[in-house]
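K.L.:
Pasting a structure below so you can have a look.
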Amino acid sequence: MILTMLKGKIHRATVTQAELNYVGSITIDKTLMEAAGILENEKVQIVDINNGARLETYVIPGKRESGVICLNGAAARLVQPGDKVIIIAYAQMNEDEARKYKPSVVFMNDDNTIKEITNYESNE
């Protein structure tokens, strides 16, 4: 059986731009992409904490250390600069891989600098 599991996540990033007149996608600071294990052109889910919108798109790298989080194209209608978002990448793996895999979870400061990187989430 193949399971779809959390691969990596950028938690509570601040949207810096929304560019309607662009082909599509989300632009993410390359440093943040690497910290979360997210690749160029990878499909991601974006959850807007402010308004509850959920969408899927693909990633293009932004300038390293810029803090850019820019929703492009039609996705720009669903977010506003200043909104907090969660950017989630998933991976398919078998059950043995899923039990061993530890996702990269990147917690953000308000200025889109990295607050903490962990390899798990815990509600304990």
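Glycine too: its Cβ is placed from the backbone N, Cα and C atoms.
Pulled from Swiss-Prot, these are the listed features:
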ACT_SITE  Ser25  active site, schiff-base intermediate with substrate
ACT_SITE  Tyr58  active site, proton donor
BINDING   Thr57, Gly73, Ala74, Ala75  substrate binding site
MOD_RES   Ser25  pyruvic acid (Ser)
K.L.:
Name, in the order they occur in the sequence, the residues of the same chain whose CB lies under 8 A from the CB of Ser25 (active site, schiff-base intermediate with substrate) and which sit 6 or more residues away.
P.N.:
Thr57, Tyr58, Val59, Ile60, Asn72, Gly73, Ala75
K.L.:
Note down the number of other Cβ atoms within 10 Å of the Cβ of Gly73 (substrate binding site), including every protein chain shown.
P.N.:
16
K.L.:
For Ala74, Ala75, listed as binding-site residues, tell me which one has the smallest number of other Cβ atoms within 10 Å.
P.N.:
Ala74
K.L.:
Check Thr57 (substrate binding site) against DSSP and tell me helix, strand or coil, would you?
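P.N.:
Thr57 (substrate binding site) sits in a strand per DSSP.
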K.L.:
Would you list the other residues of this chain near substrate - those whose C-beta lies within 8 angstroms of the C-beta centroid of Thr57, Gly73, Ala74, Ala75 - in sequence order?
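P.N.:
For the substrate site, the extra neighbours are Gly24, Ser25, Ile26, Leu55, Leu71, Asn72, Ala76, Arg77, Leu78.
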K.L.:
By a simple count, how many Cβ atoms lie within 10 Å of the Cβ of Thr57 (substrate binding site), its own Cβ left out?
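P.N.:
By my count, 18.
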K.L.:
Which state, by DSSP, holds Ser25 (active site, schiff-base intermediate with substrate): helix, strand or coil?
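P.N.:
DSSP assigns Ser25 (active site, schiff-base intermediate with substrate) to strand.
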